Amino acid sequence: MGYKTLCFGLTCILFAYYIYTPIPENIEEPWKVRTIDATIKITSLMVNLFGSNSSLCIRIFDELFSILMKLDYTQPISDENVTVMDITFSDIPVRLYLPKRKSASQRPAVIFVHGGAFVLGSCKLAALDLLNRQTAKNLGAVVVGVDYRLGHQYQFPVAHEDVLSVVKFFLQDKILAKYGVDPARVCISGDSAGGLIAATAAQLIQNDPEFKNKLKAQALIYPSLQVIDIAIPSQRENEHGLFLTKKLGVELACLYLTQDKALPQAMMKNQHMPHGSTHLFKLVNWSIFLPEKYKKNHIYTEPILGRLNPSYSALLDSRLSPLAVNDSQLQNLPLTYILTCQYDLLRDDGLMYISRLQNVGVKVSHDHMEDGLHGALSFMASPINLQLGIRIKDKYINWLEENL
């Protein structure tokens, strides 16, 4: 009884501490935000406090949150506007949304890749089901939500390969014809880590000369776009930020590569890149590509090489850092939409990608949420819904309506 009382008391103290921690004044619905943030941080802290192995602790956190997320999974329930079904494309589970409204012409289509640091999440979550259902209804579009396999059970590049398999399967002439989709009106979208996978898939599809059907657009919502430099200004400013701290983000994402605790420890110090990666630094150099207003008084320093033994060659793979490809691989990319959030570790990934795409002539539309928080799109359904998430959803769908 004493142990349980101590744990309960400690939890209450921690919750009170986090709930009253100051947050930026322009944050909308601050008490909701504080409640979500406190819950995430207390769960993470408790797992670490009562575990002796940091690698094991983060896996427990991953599994605990996976269980909680599954409670939020929705069934494929059709309504008066959209037929919804769970099927497979190329043996990968997908949730398919088919508009019921008759169309005199071929329909647009959206392939959506969910976020979750490669190890969490599903397109079946209530908020993303709402997003994809409304996209199908408003645009009269076929929407494909991809349920790729997650780390730590399936490590890099499994999630990337699953999504690419779905995209290639869907872009076949016979599949597009089956669902009445216009081959010239297909978009790939994603949020957070899903934005990284979507950006990578777009690069591979657009630069593959043997693949006839191309994407018309890509839409990336607060995307992660590189793992090379973990000391960019947004990472520094939001290291202990709301919803997603740097430590939690790094530890979760590293599960997609390894369960060795040495990698996240090195990454936190920006000492994770192997020898032979110097040529990549210029492609993600924030002092070159970041708009002046976001540089502030930060001083650029290169990542430190060769401190990690063994080194991870996967860190050199452009599929983990679509920001770090040469200009020639960016020139063929489609019309692009990027949404960034001010209070987000990943803010500067998106801002740098905008600069690099515009530099090679790709047309880019950008929405920046001055009160934005990473992951807000996941909070659009009960029990906690954020107006910020709804505003992000509306901006994304409005852009699709106007451009797809």
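Just so you know, glycine gets a Cβ as well, placed from its N, Cα and C.
If you check TrEMBL, you get these features:
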- 110-261: domain 'Alpha/beta hydrolase fold-3' (DOMAIN)
- Ser192: active site (ACT_SITE)
- 284-376: domain 'Alpha/beta hydrolase fold-3' (DOMAIN)
- Asp344: active site (ACT_SITE)
- His374: active site (ACT_SITE)
Determine how many residues of the domain 'Alpha/beta hydrolase fold-3' (284-376) DSSP places in helix, in strand and in coil. 33 helix, 19 strand, 41 coil
Other CB atoms, at most 10 A from the CB of Ser192 (active site): 29
Near the Cβ of Asp344 (active site), how many other Cβ atoms are there if near means within 10 Å? 26
Excluding its own, the Cβ atoms lying within 10 Å of the Cβ of His374 (active site) add up to 26
Could you round the CA separation between His374 (active site) and Ser192 (active site) to a whole angstrom and send it over? 8
